[in-house]
Amino acid sequence: MFTRTDDKITTAQTVVIISCYMLGSGVLTLPRTLTERVKTADGWISLILGWLIIMLAGICIVKLCQQFPGKTIYQFVQEIVGSWIGSCLSMLMILYFVAISAFQIRVMAEVTMLYLLESTPIWAIVMSFMWIGLYLITSGINSIARLFEIILPITIIVLLICMFLSSKIFDINNVRPVLGEGLFPVIRGLKTTILVFLGYEIMIILPAFMQHPQKGVKALIIGTSIPLVLYLITFIMVVGALSVDGVVRSTWPTLDLMRSFEITGLLFERFEFFLLVIWIMQIFSTFTITFYAGSLGLAQLFQKNIQPIMYGLIPIIYIVALLPKNMNELFDFGDFVSSVSIYLFGLLPVLLLLITKIFKKGAVKEDG
Amino acid sequence: MWKTIVSYIPDGIVFVQALVILIVPIIIYFTSKWLQSALGTRPSEDTPTENKSEENTPENGKAETEATLSFTGKYEADLASIKKKIAKNCDVHFREFTMATGKKAAIIYVEGLYDKELIEVQVMKSLMFDDAEETEKPSDDTKKSSDDTKITKTYLMNKMLPISEIREALNLQELISDILVGSTAMLIDGIVEVLLLGSATGKTRSIEEPLSEGLLRGPRVGFTEILSDNTAVLRRHGKNESLEMIKFQVGTRAKKDLVVAYMNDIVNSELLEEVKRRIEAINMDYLPESGYVEQLIEDNTLSPFQQAQNTERPDRVINSLLEGRVAILLDGSPFALIVPVTFSMLLQSPEDYYERWIPGTLLRMLRFLATFFALFAPALYISFISYHPGLIPTKLVMSIIDARQGVPFPSLIEALIMETSIEILREAGVRLPKPIGPAMGIVGGLIIGDAAVNAGLVSPFLVIVVAVTAISSFAIPSYSAGITLRLLRFLAMFSAAVLGAYGTILFFLLLFSHLVKLKSFGVPYISPAVPYRLDDWKDFIFRLPFKVMKRRPLMMKTKDSDRKK
Amino acid sequence: MDSMKRYFLFALSILFVLCLTGCWGNREIEDLSVNVGLALDVGEESELEQELAKEGDSYPKKNLITATLQTVPVLKGKSEKQSGSSKSSPMYLNTEETGDSIFQLYRQFSLRRYRPIIGHHLKVIVISSELSRKMDLNKLLKFISRDNDIRPSCLILISKEKASEALISSQSGDIPSFHLRSMVENQFRNNKILAPMILTKLDGIMNSGSSFILQNLVSAKGEVEFAGAGVIKGKINKWIGTLNEHEVEGLNWIRGEIEGGVIKTYDKSGEVLAYEIKSAKTKIKTKVQGNDISFHVSIESDGRLIENWDTSQVPTDDKFLKEAEGYFEEELKEMLHKTIHKIQEVYHVDVGGFNNKLRIQHPKVWKKVKKEWDETFSQSDITYDVKLNITDYGSSTK
């Protein structure tokens, strides 16, 4: 066969995967969740600070992975802490990924049922979505990366256009004053922003697939700053239009922003459809990559073929997705899973990195 | 605690659904695997053995032993054995005559295929009359060697037959097959080998402008059915030593020539090897058109997308060769195949390059837009009308409601009626004789459309949508890609009918999931869109000025990536 | 081969099942009626409803609200369509329902009309001042802002008389909801129109607890006119009074929402002078001294002298222009004075956007006074200066 070197993912593809993973359900809820905690319009500062923290955690993960070139965390965690603890940690991460993918699917289904398909049963929405996801991931990380590369530019362009159009009802007074109540509210929002920026943790597996793993940090920085910029724009536009008091009243504030104006004369008067389109695509990307990360983990943990595992995971994800009974539980579920990630992908990598450095494990070149 | 846990255990129905979610993809997986293996005419290991078994059938074996016997050199015996083989055919003629030297000779040809002038003027004349005056010289030569016959053959070839195309047949089998494709055989008493003179010059079509790929600006040259003409057209593109053409024979029963053309200092050698390998593995008794080759060497039989580009335009082939692609030409087909193909190629036309870059870019963008419409316009119509009235501008909603009053069908059925009739019209238009075709189009398009609206079968809005879709699909330069899009449009319509706009989005995702998986000879089908290669984007949606396009496409991994020296 | 066939059949049947279960939320567009306008009045059953109730249409409810739903299009038969618009049948259909829960009222609708209504295209909500005096706006609009069909882009208006009258038009071919919607866009021609108050904005304002004004409507003989504004006091979210057109104009100056329009005054001989506003800029400066909060409003505007009836004066004369500017400034100051007096002394509410200025300029102070802002505002000093420049005089010098 005509073998090609691009069977590994390029740095650009790594960037795209990180960005697509991060841009998930958060786009629609971020302005509310953040403003609920910050209570002023300064959430955007929290976003930047949160991003910095995320960067640090991400760099730790990348550094850790660079100690074990060509291996994912599932493969090398056992080398660091022994097979028992290692397997447990791997299992936790797999559970995390499964939970995230289930959560994303459920949120997608809820919004779709609210705004697009009112009387369609949830299983119909979820089922078709999952099958297409499965179809994509069976052909591995390369196809996933290529699809994300198609989705991301569409997302960025459409989101920017939507936000630009919404400037019609934007009122700068709503996002002023900057730091009117000092830094304290900003700090309060940090936790939310860190949760919003989840997605960097995909770097625990990506360096193993990269053509140039040494560019991992660069990819991470660019990959996380794309969502940062998009989130910043979204946040400012939404709060600017809906005002702090209005944002906290809205379940899906970004959608409400799009629904709050009509531009007659353009071919389309209403633009929430476009937002929903790119949003569903983004959920699809988050779902597929977490699904893939989960099944890859299982495959590497039990050293089995990955395909049957992907098939096997589908019903599990489906059942998990249907567990929350109402919206509150759904959001709680999301919060819980995200909080777990702070320990799993914030503190754990630092520990692992320390252990690796102290006991000089990993690649030989680090020793020399 | 226990109670809360129990309350979270989902209903039985959820488990059933979960099971369905699991089982359906597994079934699809096995079905597609089975289909792949059942349909997969793709090269596999068992091909050569099959070939052998066919040749080793008893009758063939007998014929073979007879055929491989080389000629005896005895005129009567050889002629008899040839006659026995092919004299049954009414169009095979044997012309026996006596050479000036007194030897008996015969010319065997197929009526209508042989080069009459060549044989009469250059061969028979020189053999029957001119021989006498040159007898002195051959007698010198004959003395040099005792082997009389051999010298005569070389002498014949060197001195007596002033024609370029001359070969010798070594055995009966080869001779007969060559006679039947148009060569003229010459049998001379005392010469063991039978000479084959000239080649077929049957009536052929002259070079015309290609019908399927019309251009306003660009060479008016298209391929014809004659392989040698086609290779000649390619050769004529300019002085270029690196253009190489290798010949293959394909077809187990009726053998045909197939030429693989490439630029030897550009093409990726792995790609070339792969093309050769797949062509050698073709196992088919007869290949009437290059479409057969296309389908026999493609990567994925189940994909709706074509995996080789067919073209009638030599300029397009040369351009592709210069990009590092490989062209496959089959005798008897005016369509050359270009591999590997990418989706963007199907939306490009040579005209993009002949016009200046700004209009060229505009045309390309229009084509991308047209593709989008051709694929999604009816689907969006259905999903908006049936599911999302809230997403249409208010005034439009009112006029649509007004217009659709009295339409008895849901939008899906309505759209299907119109789309199907348009497709049938289109198909009919291809078959109809040229003078009637346009008239039929007008009758079909205008009258049926108008009548359907008046009769209240469909709404005028749908007619607009269908018309836009149809026009858009004509804007796609490649006919084959157009068919694919037409097919996919129906799928999009169904998904929209089931899940509204959500279904359309899912269809989009499914389509692109398929496209990113698909490869044509190892090149991702969706390149150069992804993976991001800025250099390749210069010739993608945009067609940048030539000064900027300095390199060959990176995706082709060419040996020589610089277009300029 | 048999097993393959079975696979194939199975896959096929699954496909069919999927197709059959399809088309769930599917409602063809022509079977729907589009709700474009909603009027909320104090509950009072119409004659028709009373009669229907007598016949047995009754369910447990309190008659608090009468909702008038305007739906389009009214379907015409084919023959009627061809005969053209010579017939003056209205293009809309108003249906009244009385009850309490607005959601229920919406759903009651399907008991009376066969085509279900969709709310995606709701353009205006008109609330009668009487109803809004009695009921908390927050309660009235809860359903509207929560519903997933109704877009938060719909416009909220107050009507002095019965709100349902605002949804009636005497002109045939006119749909009152669209009419009202587009009239709001006329702000660039007339400064007596308030910036459109859409549901999204209203949501935020009501949640913040500040007072606000809504565009007021008056209607007579099937004609609807924008006139003044209804004042809604924050916290209680109830209507407390109206501002007249003049005061709305003044308020627009203060809020810096002037996009165009006119200032008309009289010169010393009583002749009309008119000034066309080309641009206007308002700056509010907040000063905090101890517990005293004071505001300074400075207004600057460029415009054109568009009308002067005193023909002896020519605008090419600089002196005359200066003089005219003086008249206009005086007129504007007068207007501001009246407006500020009204909101501070009469209604005791801040509807001029001063709270925002304080919040931005002195966030710490704002936090302290936020709770009792309307009272604090009524006590604070407001000063203003006005600068109008006549930059040109159109295409005529005389």
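Placed from the backbone N, Cα and C atoms, the Cβ positions cover glycine too.
For A:12-31 (among others), the entry in TrEMBL reads transmembrane segment.
If you look up TrEMBL, you'll see A:43-64 (among others) marked as transmembrane segment.
Annotated transmembrane segment per TrEMBL: A:76-100 (among others), in sequence order.
The feature transmembrane segment is assigned by TrEMBL to A:120-138 (among others).
Proximity of distant same-chain residues to the transmembrane segment (A:150-170), defined by a Cβ-Cβ separation under 8 Å and at least 6 residues beyond the stretch ends, is recorded for 16, 19-20, 23, 27, 226, 230, 233-234, 237, 240-241, 257-258, 260-261, 263, 271, 274-275, 277-278, 281-282, 284-285. TrEMBL lists A:150-170 (among others) with the feature transmembrane segment.
As annotated by TrEMBL, transmembrane segment applies to A:190-209 (among others).
The transmembrane segment annotation in TrEMBL covers A:221-244 (among others).
According to TrEMBL, the feature transmembrane segment maps to A:273-294 (among others).
If you look up TrEMBL, you'll see A:306-324 (among others) marked as transmembrane segment. Here the transmembrane segment (A:306-324) has Cβ contacts under 8 Å with residues 98-99, 101-103, 105-106, 109, 122-123, 126-127, 130, 134, 137-138, 291-292, 294-296, 298-299, 330, 332-333 of the same chain, all six or more residues outside its ends.
Sequence annotations record features per position, and here TrEMBL assigns transmembrane segment to A:336-355 (among others).
Most Cβ pairs within less than 8 Å of the transmembrane segment (A:190-209), among stretches A:12-31, A:120-138, A:221-244, belong to A:12-31. Stretch with the most C-beta contacts under 8 angstroms to the transmembrane segment (A:76-100), considering only A:12-31, A:43-64, A:221-244, A:273-294, A:336-355: A:336-355.
Taking Cβ pairs closer than 8 Å, the transmembrane segment (A:221-244) reaches residues 14-19, 22-23, 26-27, 30-31, 34-35, 39-41, 43-44, 47-48, 51, 54-55, 58, 152, 155-156, 159-160, 163, 166-167, 169-172, 174-175, 196-197, 199-200, 250, 253-254, 256-257, 260 in its own chain, all 6 or more past its ends. By number of Cβ pairs under 8 Å, the transmembrane segment (A:120-138) is matched best by A:273-294 from the list A:12-31, A:43-64, A:273-294, A:336-355.
Long-range neighbours of the transmembrane segment (A:43-64) within the same chain, counting only residues 6 or more positions beyond its ends whose Cβ lies under 8 Å from a Cβ of the stretch, are 31, 34-35, 73, 175, 178-179, 186-190, 192-194, 196-197, 200-201, 203-204, 207, 216-217, 220-221, 224-225, 228, 231-232, 235-236, 239, 345-346, 349-350, 352-353, 356.
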